[in-house]
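Pulled from Swiss-Prot, these are the features on record:
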DOMAIN    1-253  domain 'ABC transporter 1'
BINDING   36, 37, 38, 39, 40, 41, 42, 43  ATP 1 binding site
DOMAIN    320-546  domain 'ABC transporter 2'
BINDING   352, 353, 354, 355, 356, 357, 358, 359  ATP 2 binding site
COILED    563-631  coiled coil
C-alpha cells in the first residue's frame, strides 16, 4: 500500500484550477521531485500533502499513523528563543515541557541553588509522567547530527544555519515523509553539498520542490510534473524527464493542431447554405458543439519569457584593475592581497560561503567601500545595472504595473516607447496579473518583476547578486541565454552550480582568510583546477619536510658504512631535493594561475611536461636518498 494516495483531486482559487482531477501515489523510501512552472501550484500541493490545505473535491488516503513534516520555503525570521526551543516545537504539544527542562537545566549549571534544584525535580517528574525522555534524546541527537548549538539565539543565525534549524524542527517528529519546499534557497554551495549528503541518509520518503538542476539530478529518484492541473509521473532521472517531457509536448502540439483542423472543417460545414442545413446530421451538430466546448476549455502551455537587456554604449577595454587589495571588518580579513584585471566582455562568478565577502568585494570594486590598502582602478564609460533581490524595493501595496512604470502607460525599450502591459507580457505577466498587488505574487513572479525593471536600465556592466532564487527552470534557461548574448561585462554571485557553469568564463573562489583564487571556466572547471592545485602541492610539501629531516640526520650521524663517494652523494642529496622541490613548486604556481589555461596550447603543454619531468626527477632523487640512508645504517 502507498504511504499517500490522492484520487480525483480538484482545487481552484480562480478560473483555472490548480488541481484538475489529479492523481498521485507516494511510496516508501523514494525521493520525489515536484516540478512545474511558477504559479502552477507546487507549494499548495505540499500544503495539501501536509494536511494544511483541503481539496474542493477528491480524497487523500494516508497510511495509518503516518507522520509527515514540511520544511517551509522561507527560513524562519524574527523568531525569539534559542535553537533548542525552535527545534523542540516540531514535537508540538510536548514542546513546552522539553523547553522548560532545557532552560532550567542550563540555569542549574550556573546556579545550583535549592530553589532551582527543586524546580528541576518538578520538571523531571513531568517528563517522567508524560514519558518524554525519549523525545528529549531525539532532539539532542538531531541537534548533534546537524551541528547546531542548542543554546544559541535563533535570531543570531545566518540563512544557512536557519535552514538547518528549520530542518531539525521537521526531523524531530521522526517523519516517514519529509516535504521540502526549495530547500537550497539562500544556501551557499558548501551547505548545499552537505544537505545532499545528509538527505541521502534520511530513512524515509522525501518530496521536494527545487529549481536547482544540479540538486535535482543528484537527489531525485522520480519526477512528478504539475502542468495545468494534471500530475504526471516520470520514472528515472531528471535528464530522462526532460527528454520525455519535450516529446510529450511535441505530441500534444500535433494532437491540438489536428483537433483544430477538424474543428475548422466542421465550422465550415455548419455554415454551408440552405441545402446543407436541410440534410445535416443532428448528431454531427452535437459533436461540433462538444468540440467547441473542448476547445474553449483547453489550457495552453505557459509561454516563455522574452527578456532583453537594454545595452548602453561600450565601456572602456579595462573595466576594473585591482592590485594587492586588502579589506577587513572587525578583525576578520575578507579580502587579502587580491589582484585581478577585468576586461570588457568578461563574465565572472564570485563563489564562496555566505558571509565570506562576495558582496563586499563588489562594493569595493564599485567604490561603495574603501579598501584598507591596495589599488582599485575603475574603467571609463561604465553604465551599471545591479540586481540584488534582498535590497531591491518593491511596494507590496502597488500593482505590478505601477511598481514597474510608476503610473505611466509606456516604458522605453531600446530607445522606443512600449506599452507597459505589452512589456510585462514578455515577462509572463498577463494583463490581469499585471493589475495584481505585489504582495500577492509568488517568489518567482517577484523576481521576474525585478528583472523586468532592471532590464529597462541601459547598461554595459551587469551585476547579478543571487538572481536565480525562485525562478522556474524555463526562465532560468532564458536568463542564461540572455547573459550569453550580452555584449557587456557580467559579475555574478550565485550558488546555482549549473547556472554558473552555463554563464561564466572565470570563477573567483573565496578560499578563506581573505584569499581569493582565480580559475578559468565554470563552477566544475574551477573546482577541478582547485583540487588539482591542492593535490599537486601536498606531495611537494611532504618531500620538503622529509628532505629537511634527512639533511639534519646526515649531518648528525656518522657515515662509516659508506664509501667516500657515496657519503658525498648522500650529503648533497638533501640540498638537491630542496632545489628540485622549489623548481616543482614554481611550475605548480604557473599552472594554478587563472590565466594559465587561456595561453596557447603549445605553451601550456610545455609547462605541464616540465612539471611532470620535475615530479619524476624529485621522486628518483628521494628514492636514491632512502637507498643510501638504508645502506649507511646497515639496511
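Note that Cβ sites are derived from N, Cα and C of the backbone, with glycine treated the same way.
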Taking DSSP as the reference, which of helix, strand or coil describes residue 41 (ATP 1 binding site)?
coil
Once 352, 353, 354, 355, 356, 357, 358, 359 are set aside, which residues in the chain still have Cβ within 8 Å of the Cβ centroid of the ATP 2 site?
188, 334, 360, 510
Near residue 42 (ATP 1 binding site), meaning Cα within 10 Å, which of 354, 355, 356, 357, 358, 359 (binding-site residues)?
none
Around residue 355 (ATP 2 binding site), which residues of its chain at least 6 apart sit with Cβ under 8 Å of its Cβ?
158
Note the Cβ centroid of 36, 37, 38, 39, 40, 41, 42, 43, the recorded ATP 1 site, then list each other residue of that chain whose Cβ lies within 8 Å of it, in sequence.
226, 442, 444, 472
Averaged over the domain 'ABC transporter 2' (320-546), the pLDDT of the predicted model comes to 86
